[in-house]
């Protein structure tokens, strides 16, 4: 064998050996990988779809990749792909074979039940190209080690429960094209290093808790096509660098806290198809450059603070399908160019300040499905061209100022499902063409000036669920076929002039949930007019002309919560079945001709909050069972024939606000009602009550109106009535009362009519036409026995009078000395006045550590407020600034100031912060107030957590409390007091969230930056507009400020520019949904109704003409 032949032989032998070895190693590797996977599988709770994963671990035979579900191998037999998406596996990565599967390039474990953390060892799989763990239950952090995967192109971790921050190391994955971390619980900021990912096309970070700004470096990702950062907590402005992303097609930044303007550079992104910046805090105008985005199909900018007009250039984007600009502050008219958008299906411009007419060109948008222009200031008529919109299913034009008739052409919109034209000024009749709406589900025409008969065609649709036609001038009979489709749920016909019987189809309309017929001329037998309604929860057919007896079938409507049939001609006894309707919350049968007695079974209605049976012929005793209705808030049994005593158990109505038992035949004494601490109105007049007025009535600290007139009450009026600080209206006439009136503003202002026919009452106020209290009765003649009795008594009285005068002189002298006291340390004089003398100067100085900053709780324009912990109480001490102190030290000013402060200490109202006293010293001058634990309203509203605790119920009570306090100060004082500075900073709350006004009257006293103290009044943003030119402060200035305060409570912050626009436009329409504080759950039920009433009141208060504003008395009465 030659040398060459020998070498060739050796080479072939070595090659053969290497192939044998290679095959052996490969086989060993695949077996090891298989065994490793089987070990991981054994940890799964559920692995039914992996039944093909079978291998005998005791043999060395290889396994076939193709036979294992979801497993693929490379050419050498090593596992490189693991695709187990949606296989239902439930387990963790604790035993995942990272070392054995080092060749993995593709991993898809999405849509399973994997839990636990993502191990950092995944960062060692250097060949990984595709990695998807989305839609699992994974927790913990995203490991920074993933940044080592230089070849990774796709990373999907979305829809898990991952926390912590996004690692900046992810910016090292230079091959990355798709990165989805959305729908987790990630926090922290977006790493600027992501801007290094030049190949990144898709970045999804939406639905997390990310904060901070959007990094400008994201504008470097030139390959980007989809960028979604929505539904986070991002702040700051939108970087103008995003305009560099020429390939970007989708930009979602909605539902963040972004501020600033929309960068005009966004108009450079010519590939853009979907742009959503809605639900942020963006300001400024809509850039006209957006009109350059020729491929745009979606433009969503709603719920921001955008101003200015709608750019006409938007009408050039012919590809536009969805345009949403609602809930902003846009002004001007709707551009007619929008009519060019032939492909537009959705146009939302609602809740702005748009004016002018609706362009007829909008009728050219043939693809339109949903058109909402409501809550604006649009005028003119509804364009007849809307009849061309054959595909339109939703048309909302409500809350505008539209006039004229409803065009017949609207009936051509045969696809219509929901039509709302309510709260405009439309006239004429409802077009007959509405009968073409065969798909109609909801029709709202309420609060217009529509008249004539309601056409039968309105009820043609078998899909009709909601028909709201109230507050118009409709006449005639109502269409018989109203419930033709048996789907009608909500019908409201109230406040029209409809007549005749209720349609028979309504009697059998089992689908009804809510029905209102009040304020019409409907007739017929009430027993036959209505049927049985399984789902009905509210019905009101009051103020009509129904007759007959109440049907017992109402018991068979198991969900009925409110049954209201007042002011009809209903007769007979109340059926016993009514008392079995335990779900009732409101029962109003008032002003009919019902008779009979109330049974004990009335106590079954334990959910009842409002019971009105007044104006009937009911008789007998009031049953004791009534006292079981502990949820009652309003009770009216007046104008009946009830007799016997008022039950003593009435003190169980702890939630009761008003009770009227007047015009009956009740006798006996007034029961003890001391537990009814929420009672605001009590009317027991026109009965046969006798005995004395119980002193316990003075416990009713919320009582605002008390009428005890036309009874047989005798004796003195309890002196404890002087503590009833909320009482503003009293009538005790036509009784047998005697003695002096209580010394309160309410009794001093009481009219002669409210006091007359009480022969023993006395008063020194001439207008009350009572005998003077100083008058003594002369003894009758020949009264020797009387003389012998009276002389010793009068002698004793004279001696006692002398002693009393002497004692009073001493006390006054001590108080005078207290008024000019001496500092125990310096011997210097100081002036101190305290209403009860219990606050000592030295105690206050010591408790505040001589006004150390650690005790500071607030700072104002003229003072600092400190908390002082005294031995038995906590007080607030308002220390005046030195400039104020110097002004007050002037003799003339000081005396006037002291007189005013002393007057203010006499104020007693539960919604006014109590001023205890005042101290003037060379070193310190301060006022002493009661301490309010929750602090000021503005601080609560500025704190998100505190604002959430300030529920709608609490906010409503704040409005009521402030209204009652202002009414008291304006109308119930002998000398009215104007606050001058009503603002959220001057409304304080205690631990129970009871609102009290602070600085009442002191605003005038302490503003001394002008020789005329009236020259400055109020806090910026709350001052009435007329003050700028009159420089006069009146009660109507407080009313204006109160209107601002209402809006502030509803919005959750100062209403800003909205105030001036409402002041200049008294007819302004406001949507509660658009302005209500989003930190509190959306108001519902009674709270929503109360808030709507308060918004209406705020609009009245903000009228530019002060004479057009209501008085605080009328406001307070409305809210009572």
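Positions of Cβ are set from backbone N, Cα and C atoms, glycine also.
Under the heading topological domain 'Extracellular', Swiss-Prot lists 30-783. If you look up Swiss-Prot, you'll see 78-100 marked as repeat 'LRR 1'. What Swiss-Prot lists as repeat 'LRR 3' is 127-150. Taken from Swiss-Prot, the feature repeat 'LRR 6' covers 199-221. According to Swiss-Prot, the feature repeat 'LRR 7' maps to 223-246. The repeat 'LRR 10' annotation in Swiss-Prot covers 295-317. Annotation source Swiss-Prot lists repeat 'LRR 11' at 319-342. Residues or ranges marked as repeat 'LRR 13' in Swiss-Prot: 367-389. Under the heading repeat 'LRR 16', Swiss-Prot lists 439-461. According to Swiss-Prot, the repeat 'LRR 17' annotation covers 463-484. Here Swiss-Prot flags 559-581 as repeat 'LRR 20'. Feature annotation from Swiss-Prot assigns repeat 'LRR 22' to 607-630. Summarising the annotation, Swiss-Prot assigns repeat 'LRR 27' to 726-748. Look at Swiss-Prot and you will find 784-804 tagged as transmembrane segment, backed by sequence analysis. The annotation ATP binding site is assigned in Swiss-Prot to 857, 858, 859, 860, 861, 862, 863, 864, 865, 878.
Cβ environment of residue 859 (ATP binding site): 865 lie under 8 Å away, each six or more residues apart in the same chain. Model confidence over the repeat 'LRR 27' (726-748) is summarised by a mean pLDDT of 88. Remote same-chain partners of the repeat 'LRR 11' (319-342), defined as residues 6 or more beyond its termini with a Cβ less than 8 Å from a stretch Cβ, comprise 273, 278, 286, 294-313, 348-367, 372-373, 378, 1057, 1074. The DSSP secondary structure for residue 865 (ATP binding site) is strand. Figure note: comparing Cβ neighbours within 10 Å for the binding-site residues 857, 865, the maximum is reached by 865. Mapped onto DSSP helix, strand and coil, the repeat 'LRR 17' (463-484) counts 0 helix, 7 strand, 15 coil.
Listed as Cβ neighbours of the repeat 'LRR 1' (78-100) (distance under 8 Å, sequence separation of 6 or more from its ends, same chain) are residues 26, 29-30, 32-33, 35-37, 39-40, 43-50, 65, 69-72, 106-119, 121-122, 124-125, 127, 132.
Helix first, then strand, then coil: DSSP counts for the repeat 'LRR 6' (199-221) stand at 5 helix, 3 strand, 15 coil. Sequence-distant contacts of the repeat 'LRR 16' (439-461), counting only residues of its own chain at least 6 positions beyond either end whose CB sits under 8 Å from a CB of the stretch, comprise 393, 398, 406, 414-433, 467-485, 492, 498. Same-chain residues lying 6 or more positions outside the repeat 'LRR 6' (199-221) and placing a CB less than 8 Å from one of its CB atoms are 153, 158, 166, 174-193, 227-245, 247, 252-253, 258.
Look at the repeat 'LRR 22' (607-630): DSSP puts its residues at 5 helix, 7 strand, 12 coil. Cβ contacts within 10 Å of residue 863 (ATP binding site), excluding its own Cβ and spanning all protein chains shown: 20. DSSP labels the residues of the repeat 'LRR 1' (78-100) in these numbers: 0 helix, 5 strand, 18 coil.
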